[in-house]
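Straight from TrEMBL, the features:
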| type | residues | note |
| --- | --- | --- |
| DOMAIN | 1-109 | domain 'NADH:ubiquinone oxidoreductase chain 4 N-terminal' |
| DOMAIN | 113-400 | domain 'NADH:quinone oxidoreductase/Mrp antiporter transmembrane' |
| TRANSMEM | 26-43 | transmembrane segment |
| TRANSMEM | 63-81 | transmembrane segment |
| TRANSMEM | 93-110 | transmembrane segment |
| TRANSMEM | 116-134 | transmembrane segment |
| TRANSMEM | 146-169 | transmembrane segment |
| TRANSMEM | 189-212 | transmembrane segment |
| TRANSMEM | 224-246 | transmembrane segment |
| TRANSMEM | 258-275 | transmembrane segment |
| TRANSMEM | 305-327 | transmembrane segment |
| TRANSMEM | 348-369 | transmembrane segment |
| TRANSMEM | 389-411 | transmembrane segment |
| TRANSMEM | 432-451 | transmembrane segment |
């Protein structure tokens, strides 16, 4: 509640702020929420639960995700300032309010100890995200993307709700704090599969991913950044929270198939990445590949897997958000997301190659960046489970290298179209936006225990 009430206050103040100071005032106010959220670490710097109330608790899994959420929202608004100038004042206020409503739902999702409240908050992000895509999307296909987003989310959430109600009516504890100690040997495989289906769609893994590229491509830059950095991590967070409860059923019946499926699904998604010509679509498919391997890692159920999952979620949240922000910088100048049209735009925007290099090698997973640490732990967990996983891991790493380096090579080297030779240096706002992505990524290199479990 210490974070939620100030956010509600900011929503109210957004509607009474003078018209010429809407975005600046909101960004500053939300940035204060981020600074305040950093103090949460003082009460949750170990694996024990830190109780804030009867329904809200914190630990080393939820706190980094809450801080990431509070950090991301002002950065997304900063990235959207240019598009703000093309809309009326009430549209700006509504846009900011939807972003803050998403932030409230995220905080409740990551901090609640009640499974039913977790489900409600988990689904509460649907409507504001849908409106961000449908109202502020890029093209007319945004309506179709909204349909895909709603269809996949609602269809997968119904089995989760049924599973939670079955748990409740069979006298199981629905408190997450004590749920992990509840005997799970009578949980059926079908109940387990129903419960994790919503998380597999939200992450998403291969075959459940069809909504994600459409949503990313059609969403405004803020929607893409929020989707990639935070909303996808809700699936991983839910999987972690309920894993111990379903551990026996998951390990004996579902985990072998899930690990095999996710590993090869990650490989197939990496192949799709290589064929993409749309920059945002390529980044979206890259997220599917990374998250597929992350779920395969979590399904092994080892302590290393849990550590790796948390590190990958935080690091990927920073990197994917930065990549979408960089793609938007190119889109605002060229009017296109096509890789070949944006070829060698760096000749006009001198600082971007450095930023692209940093986030491309982070997406690739090169040491000493935190993405590399998380993926090394994840691959170790998967290989420890079965050496047969060696081939999809190797193929996935090679393909990730190919499409990551292709992005950098196409956008930052070679000949340029004549319309790209222009004086369009990135401005102070864009410099600040990308720097705010680079700083936490670099900080995690030197202070990795910020997200250790």
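A Cβ is built for glycine as well, from the same backbone N, Cα and C atoms used for every other residue.
Caution: TrEMBL annotation is automatic and unverified by curators.
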Are there at least 3 C-beta pairs under 8 angstroms linking the transmembrane segment (348-369) and the transmembrane segment (189-212), leaving out pairs fewer than 6 apart in sequence? no
DSSP puts the residues of the domain 'NADH:ubiquinone oxidoreductase chain 4 N-terminal' (1-109) at 79 helix, 5 strand, 25 coil
Which range out of 116-134, 258-275, 432-451 gives the transmembrane segment (305-327) the most CB pairs under 8 Å? 432-451
When pLDDT is averaged across the domain 'NADH:ubiquinone oxidoreductase chain 4 N-terminal' (1-109), the result is 80
